[in-house]
Each structure stands twice: as C-alpha cells, then as structure tokens.
Amino acid sequence: MLIRVDPARPDSLQDQVAAAVRRGIAEGQVTAGDRLPPARELAQSLDVSIHTVLAGYQKLRDEGLIELRRGRGAVVRAGAHAGRTGVAELVRGLVVEARRHGIGDDELVELVRTAL
Amino acid sequence: MSARVRRILRAAVPPVVAAVPAVVVLVRGWSRLPETVASHFTLDGAVDGTSGRVVLVVLAVGAPLLLALVFGGIASAPAARRGRFDSTRAMTSTSWATGTLVGGLALLVVLANLDAVDPRAVVLSGPGVLGVLAATLGAGLLGWWLTPASPLLPVDAGSAPVLHLGETERASWTGRSHSRMLAAMGALMVPVGLVIGLLLTWVAGATLLAAGLLLVWSCVVTVTVDRAGLTVGWGPFGLPLVRVPLADVAEAHVEDVVPLGYGGWGLRLQPGTVAVVLRAGPGLVVTRRSGRTLVVTVDGAETGAGLLNGLRDRAC
C-alpha cells in the first residue's frame, strides 16, 4: 500500500495518513485481514512522529475500518469494504469544505441531519 | 497431453519406475527377511547399523514416492531459462539420477538381507554398488538428453513506471508476497519429520522438522520502498534480508517472473543477480548503479517500482 503525505498541504499529517489508508482500502491495495505497516516502521519510513501515525490509525479505528490490537498491530476489518470507505472519504471532504466556508462543527452536523 | 503434464511425468515417473525391482523383491521375499535387518553400511560395504524390517519399506516405497512428489511438484512450474543454465533440464536429470540411485541401493539392501541369519554379517555386493553408480550416471545423462531445452526468456520486456513526487512530499510503499508452494512443502515436512524422528532416526527427523519450520517461516516477504531505498524483509516480522540504498538505485521496473528462470524458489544467487522468488508473476526489478540487479516477487510491484523511480528522480 502506498502512503503519501506532504507537510506543505493544509490538512494535518495524521489526516493525510488516514486518508492514504482509506484510499488503499477503497482501491483494494489492502483487503480485510491484511496488516497495515507497524506504526513505528511507517513513522520511520515517512520521517514523521510515531504519534502522528498512531493518531491516523486511531481515526481509522473510530471509523470502523481497522482494528488496533496490542501485539497484532493494525488489521483491516472485515466490514471495511470499498463502499463504506468511499462514504468515510466523502464525509472527510465534507468537513474540510465546511470549515473552509466558516461553517461551525455543530452547524454542519445540523445540516447533515436535515438532509437525512 | 499438454507440455505441463509431459514435464511432470518426465520428472516424477523415473523414481517410481526405478523402485519397481526393489519393491518386487521386497514383496516376494518378505517372509525370507529377518525381523532385524542391516540398514546402514560403511563405504566398503560392511554393516554399521540395523533397524526393523519396516525400514526397507521406507527405502523402497516411501523414498521414491517422496522424490516423485517433490520433483513432479517442481516440474509443474513453467519451464524457462535466462542464460545457459537450464533449471528444468537439470532438475529432470537430477530426478532420473537420484531415483535410480535410491531404487538401485534399495534393491541391493533388500537382496543382501534375504535369508540373513545375523544382520551384522550382511555384506553389500561391491560389483552391485558399482553397477548402481554407473546406472545413476547413465540415467542422469539420459534424463538430460530426453528433456527438451527450456525456452529462453527475453532479456528485458519490463515496464518502468515513474511516480512523480512533490518537492516536500514523503512517501512509503509496502508490498507483500507469499508462497503457497513453500508453505505447503514446509507444512508437509513437519509431520513427516516428526514421524521419521519418532520411528526411525531422530537426526533425520529433527533436520526435516527444522527445514519444514524454516520453509513455513520463509513463505512471506515484505518489500518497503521509501526515502532509504528498497528493503526486503524476510518472514512474518520482516527481518531485513536485502537492502538497496536510494543512492545506489539506477532504475526500477516490473517483470513477469518465471521462477525456474532464476533457478527456482527462495533466495537465488546468480551471477550479477540476487532474486527473492516466492511465486510466479509480477516482480520488482531494481538495477543498481554497478549494473547488478535485485529481483523480488511482490504484489503491486508496479507501484513500488514507480515510487522508487520517483524518489530517485527527485534525489538527483
């Protein structure tokens, strides 16, 4: 799986790590049961702090895309199919766009709720 | 009959055919064999080890079947060669020779033990041993002669993608490949090793067991491409096996790897080339500045090669 991050981009490095993994899942570069690179090795490889990678992985865990287990590392979950990953990616784009237009977080949640 | 079936039969049948005389004599003479038989001999034909009668069955039936299985399995892979060395031909020839040697020696050992009163006094026939050695040589040459030469692979048919990177961008690519063949062979060797170790000799059993576990361990490699260059990690924990620093990368491309073109599976050292071959199919080929190459089979090799070329371009 290819992970590209760029400190010159406006979004945080941890978000970029999470986005790269999401893309990897969506494109089928990694599938359910596959192990992601260990956080320590990926951090070393990308020349970023291990906390950055862990924060990115935790974000993916909260989205239900991966499992984090002590000793086993990060593993792609069975439910993490392309469709769900695509929606997660769209939501992330929505948040970025909302913030760019000065829409507050609570206001955005409200907007989403009215659309449901 | 397809070329593949012919290749498999050519490699797997000779050990079985060579075992027929020993099996016939063993079956017809079973009641004439003592409970304890001479099973191990010194170079001048004197006995230095005895076992139960069942060891003759292992020698005459088990060993040839194992040879047929292993050589037939290897021969099921496509035949190909890169230079003058022809793995498929050499492997088939080895099967003919080894099969003849095992079958011939089994026959001599069974014959020597017929009607033996004291297994310690059994003597292996000297002219018999010479005859078996001559037949082994002859079978090896015949096997070579009867096997058609493997097709020569084109020298360079690979594509070389380039993934362009931004000035401040950082990238890391991880790919894996695993071998069902190595895993299956290892998994087969573990129980066989246990059985041989418990029933016959523990040295051979422990060796087979250790080799089996090593094979199972080795059935996966991880390839990483990043600012440091390319690293091949071995086994489930990715212990560094081979490394090409970024400054040493001249070019990376993708090749459709045919295992026997590199002499088979595993870590293959050939003149000017180091190959880590776990399966047939896409492999990443890195040419070093010195002109030497590293080949490693890996899923998604194209992305890895592209990133390596992109990193090299940016570093220049």
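Keep in mind that glycine also has a Cβ here, set from the backbone N, Cα and C atoms.
According to TrEMBL, the domain 'DUF1648' annotation covers B:17-60. The domain 'DUF1648' (B:17-60) scores a mean pLDDT of 86 in the predicted structure.
If you look up TrEMBL, you'll see B:51-75 (among others) marked as transmembrane segment.
The transmembrane segment annotation in TrEMBL covers B:96-114 (among others). Counting residues 6+ beyond its ends, the transmembrane segment (B:96-114) has Cβ neighbours under 8 Å at 14-22, 25-26, 29, 32-34, 37-39, 41, 56, 59-60, 63-64, 67-68, 122-125, 128-129, 131-133, 135-140, 142-143 in the same chain.
Here the transmembrane segment (B:126-146) has Cβ contacts under 8 Å with residues 10, 14, 18, 45, 89-90, 92-101, 104-105, 107-108, 111 of the same chain, all six or more residues outside its ends. For B:126-146 (among others), the entry in TrEMBL reads transmembrane segment.
If you look up TrEMBL, you'll see B:182-202 (among others) marked as transmembrane segment. For the transmembrane segment (B:182-202), the residues of the chain that approach it from at least six positions outside its boundaries are 51, 54-55, 58, 66, 70, 73, 208-219, 265-266, 278, judged by C-beta separation under 8 angstroms.
Residues or ranges marked as transmembrane segment in TrEMBL: B:208-225 (among others).
Across the domain 'DUF1648' (B:17-60), DSSP classifies residues as 22 helix, 12 strand, 10 coil.
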